[in-house]
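Reviewing the structure listed below.
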Amino acid sequence: MADLKPSLTGLTEEEAKEFHGIFVTSTVLYLATAVIVHYLVWTARPWIAPIPKGWVNLEGVQSALSYLV
């Protein structure tokens, strides 16, 4: 006998659980990758100055911008 209450997505219960597992795993991997990459970029060039002269690496950018303005 057919299901009396068909799914809105057309997936069976087993297929929905499999899809959910893959979705959760890929989301966790994406977030972990983003955290690692943000940490690596932060160590290379912090975007918030931790000390008063924390923006010394941007002196070249300031001189380049002076030519544009």
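Backbone N, Cα and C define each Cβ position, glycine as well.
Remember, it's a predicted structure, so these values are computed and weren't measured experimentally.
With a threshold of 8 Å between CB atoms, no same-chain residue lying at least 6 positions outside the topological domain 'Cytoplasmic' (2-21) comes near it. Positions annotated as topological domain 'Cytoplasmic' by Swiss-Prot: 2-21.
Feature annotation from Swiss-Prot assigns bacteriochlorophyll binding site to His20, His38. Under DSSP, His38 (bacteriochlorophyll binding site) is assigned to a helix (H, G or I) in the three-state scheme. Proximity of His38 (bacteriochlorophyll binding site) to non-local residues of its own chain (separation of 6 or more, Cβ distance below 8 Å) is seen for none.
Residues annotated as transmembrane segment in Swiss-Prot, with sequence analysis given as evidence: 22-44. Residues of the same chain that lie 6+ residues outside the transmembrane segment (22-44) never bring a C-beta to less than 8 angstroms of a C-beta in it.
Sequence annotations record features per position, and here Swiss-Prot assigns topological domain 'Periplasmic' to 45-56 based on sequence analysis.
The Cβ of His20 (bacteriochlorophyll binding site) has 11 neighbouring Cβ atoms from other residues within 10 Å, across all protein chains displayed. Remark: secondary structure over the topological domain 'Cytoplasmic' (2-21) totals 9 helix, 0 strand, 11 coil, with classes taken from DSSP.
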